[in-house]
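A.B. asks: Found this in TrEMBL, in case it helps:
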BINDING   K112  ATP binding site
COMPBIAS  25-37  compositional bias 'Basic and acidic residues'
COMPBIAS  61-72  compositional bias 'Basic residues'
DOMAIN    83-329  domain 'Protein kinase'
DOMAIN    330-387  domain 'AGC-kinase C-terminal'
REGION    25-73  region 'Disordered'
Amino acid sequence: MTLAITGRFEESAMERKYKKLNILEEDRKMAGERSQESSELQMKWPKHHKRPRSPQTFRGGSKRRKRCRAQARRPAPLKISSYEVHKVLGRGSFGKVMLATLTSRKQLVALKVLEKRPEIMKEHRALKIAGGSPFLCHAYAAFQSKLQAFFVLEYASGGSLSTVMENGPFPTSTVMFYAAEMVCGLQFLHSRGIVHRDIKLENILLDQNGHIKICDFGLVAHNIFGNRTTRGRIGTYGYMAPEVMLMKEYNAAADWWSLGVVIYRMAIGRSPFYNGRVRTMVQESTVSDEPQYPEWISPELQDLLEKLLKKNPQHRLGTNGNIREHPFFASINWVELESLKVKPPLQPRMPSTDSSGSSLEIEKDNIGCNDINILSGFSFINPNWQE
Ligand code: ADE
């Protein structure tokens, strides 16, 4: 709820400044980041938004005054009450992603709500890096309440490839376009030492113009440079590389395998391996079976899939050889593609904000001035977020 600033002290020049910056009474009361986080946030705050000083007239002791001053600086997009939530876009073990409007800017965003756990800092770090590629989902901001953490993400209104594919497999030219944009997004991540570890149709979104946006960096591994590897059976069965399933050490080649599964499914309309409910059978099939290729797919596409779905990661295209030079991509102009000049094959419909009717409750837990459960360095606003 928005409360006007009234009566408690005479309106001063400072107060007028507060009002202008849309800093509300509610913010002053709200529990929040300690001054440490607040100052970090301010460092990233665009220059033209000068840091307001707090009025001197708060009641209470000096400690409380300091804390509340820090909270008062929290800009409007960094609190849940600034958003109107419309519907759930997706759920997972992590929490959920909601379609929401930042009311002050009437802008649709995807609001990812997570339990506060130290591991979410990996996603936080990946999201900041992702801002450098047009083929990765960008974050506008991050903030936290007492129990929850929030990422404010760009809304990819075209839906995921899994929903777009409901009408059946794609023509080869469409497969080529999406695969090529995914190659750009993956190569960007890998060049920054990030392995995504959950590449699947559901995590490949389309933006409003039909370009690819790889999303969900919740399972990433960082610092995988050179010969470095990581461990852990992490990802989604059916897309997971054999070395990941077998709990071996692995690197970015695991993402190239998953891309192979995505391309196979886009082109052929089914999974390359057994993909039922029995996990041991999915593993058995992934590790031992060779995929079947219908005769109607092009030899170039079959060759690409065979090279991406190599059981041995050291022989797998992506980390072994230059995938951009593969004959399947012969007609791609990579420079034009990377500058978003190639017209996407599908134009998504206009987004709808119709509420799904499911529970859209977000815990109203952000009141109270004594929060000890703070994720330090979490909150930020992307200075490029358009006003
Ligand atoms: N589902 C998960 N993340 C999303 C996003 N950024 N846009 C649209 N749908 C999503």
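Each Cβ is built from the backbone N, Cα and C atoms, and glycine gets one as well.
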A.B. asks: Over all shown protein chains, what is the count of other CB atoms within 10 A of the CB belonging to K112 (ATP binding site)?
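C.D. replies: The answer is 27.
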A.B. asks: Along the domain 'Protein kinase' (83-329), what average pLDDT does this model show?
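C.D. replies: Residues in the domain 'Protein kinase' (83-329) carry a mean pLDDT of 96 in this prediction.
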